[in-house]
Structure formats: C-alpha cells, structure tokens
Amino acid sequence: VESNATIREIRLLFHKSYPQWYPARQSIRLDPKGKSLRDEEILQHLPVGTTATLYFKDLGPQIGWTTVFLIEYTGPLFIYFLFYFRMPFVYGLDERFTSSPHPVVNLACICHSFHYIKRLIETIFVHRFSQGTMPLRNIVKNCLYYWGFAAWLAYYINHPLYTPPSYGKKQINFAVIMFLLCEAGNFSIHVALSDLRRDGSRTRKIPYPTKNPFTWLFFFVSCPNYTYEVGTWISFTIMTQCVPVGLFTLLCFIQMTIWAKDKHYTYLREFKDYPTLRMSIIPFLL
C-alpha cells in the first residue's frame with residue numbers, strides 16, 4: 001500500500017482479499033495486544049519505518065449502533081406498559097388489582113415513557129456514532145440489563161400494594177421538575193456533541209459550552225450527558241420512592257462513571273490544551 005493510505009483503505013483492501021471479514025469486523029493493530037487503529041489514521045503518521053507489519057483480529061459478527069439502541073430502548077417502553085395496564089397474567093384477575101389509586105403511578109409511567117421515547121428520537125435524528133458497530137453477542141447482555149430492570153421497576157411501581165412517597169405532592173413535584181430539567185440538559189448535550197460531527201467527520205474534537213445554558217456544564221465535566229442521565233434517574237427514584245429504582249440508579253451511576261472516566265482520560269491524552277478544570281462526571285469531585 002502507499003505510505004499515505006488510511007487504515008480504512010487498508011481495511012477495504014483486506015476485505016477484497018478476504019470477503020468474509022467485512023471492514024466493521026476487522027481490528028487492525030500495530031501490535032497483537034495493542035489498541036485497534038482508527039479508520040482515519042494514516043500509515044506514514046504511525047510509528048513505523050519504511051515497512052510495517054499490521055495485525056488482524058476478527059471481532060466477530062457486528063451490529064450497527066443505531067439498531068442496538070433501537071432494540072435496547074424499545075423493549076423497556078413496551079415492557080413497562082405490561083405492568084402499568086395490569087395485565088391479568090402479572091398481578092391476577094382480582095378487581096382491586098385493575099387500577100391504582102395513586103396519581104404518582106400514572107405520572108411515573110408518563111416520565112418513564114417520555115425518557116425512552118426521547119432516547120429513540122435521539123437515536124434516529126441526533127446521535128452520530130464514532131464507531132459504527134458493536135459485537136452482535138453484546139446485544140443479549142445489553143437487552144437483559146435494560147429490559148430486565150424495566151420489568152423489575154415496573155412490577156413494584158405498578159403493584160397493587162405500592163405506597164406513594166412519604167412527603168406526598170411536594171416530593172413528587174420536586175422530582176418532576178428535576179426530571180424535566182435533567183432530560184432537557186441531556187438532550188442539549190447530545191445535540192451539542194452531534195453538532196461537532198455535522199460534517200460527517202469521525203475525528204474527536206473538544207466539546208465546549210454553547211449559548212444554551214444546559215451546555216454550560218461542559219465548563220466543569222467532560223461528560224455532562226452522563227451527569228444529566230444520572231440526575232434523571234435520581235429524580236425518578238425520589239418521585240417513586242422505590243428501592244429497585246434506587247438500585248438501578250446506583251448501577252447506572254457506577255457504569256456511567258466508568259464510561260465518563262474513560263472518555264475524560266482519552267480527551268486528556270489526545271488534547272494537550274484540554275481544559276484542566278473539568279472532571280469526568282461530577283464537578284470538582286469525580
């Protein structure tokens with residue numbers, strides 16, 4: 001290949017010789033245990049001499065991220081409704097099991113549905129993915145996580161014996177306001193990140209705050225979308241005062257902290273002028 005060839009061009013050449021390994025399935029590396037090279041990297045800019053040995057690894061069957069998110073988020077949306085509408089096979093046929101006397105149950109269903117509908121809309125119209133695919137085997141694990149937790153939360157929130165929050169309307173109203181603010185913030189961050197790749201480029205860029213006040217969290221954290229996401233589930237926990245929701249929120253926080261730290265360190269590694277004030281997910285703390 002020419003010295004100015006990109007890794008993407010090398011993948012395409014490899015695919016032409018070995019049709020069973022399409023580009024998304026290939027991991028091209030300089031070292032067998034090293035990181036996979038990005039499509040836009042140019043051969044002559046890599047730490048190689050006049051000749052280079054590249055290593056190939058089969059990543060297995062792949063599935064597009066758009067498809068992954070649509071599957072992951074559609075499940076919780078419909079699974080929740082099975083419990084909300086009190087299907088006979090869930091709670092039984094007793095008349096007192098057919099509806100809930102607590103308005104917060106209806107509100108929780110609206111908020112839960114809104115969250116996942118927003119996610120589906122973002123997947124179709126907003127998100128631009130730096131990596132186009134994910135290993136197909138991971139979809140089962142991801143669906144078990146999202147679908148399983150949706151069923152667990154919905155079972156308790158819509159249960160006939162569910163008890164409303166201790167502080168009544170004040171607690172619920174506070175949680176709803178917090179929920180809507182976090183959802184608006186999360187959406188604003190996703191739009192801002194999408195705008196960085198409006199030209200179709202997959203090159204990583206430093207995200208900065210815009211005129212939208214919800215994006216000002218970029219002054220303090222690298223991944224404010226995760227900060228707002230955790231805030232959304234904290235507010236949902238306060239609204240429902242349900243232990244399974246709290247456990248789900250805790251797991252979300254742990255997982256998103258791991259993702260945020262990984263992205264934060266990637267920014268620090270790639271950009272020497274990266275803002276020093278920023279933390280990963282919680283301003284001034286974490």
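Note: Cβ is positioned from N, Cα and C throughout, glycine not excepted.
The structure displayed is predicted, hence computed values, not measured ones.
Residues annotated as domain 'TECR-like N-terminal' in TrEMBL: 1-58. Under the heading transmembrane segment, TrEMBL lists 63-85, 144-162, 174-193, 213-228, 234-254. Residues or ranges marked as domain '3-oxo-5-alpha-steroid 4-dehydrogenase C-terminal' in TrEMBL: 133-286.
Using the rule of three or more Cβ pairs under 8 Å, pairs at least 6 apart in sequence, the transmembrane segment (174-193) is not in contact with the transmembrane segment (63-85). Between the transmembrane segment (234-254) and the transmembrane segment (144-162), the number of CB pairs under 8 angstroms, six or more residues apart, is three or more, so the stretches are in contact. Sequence-distant contacts of the transmembrane segment (213-228) (same chain, six or more residues past either end, CB-CB distance under 8 Å): 182-186, 188-190, 192-193, 207, 256-257, 259-260, 263-264, 267, 275, 277-284.
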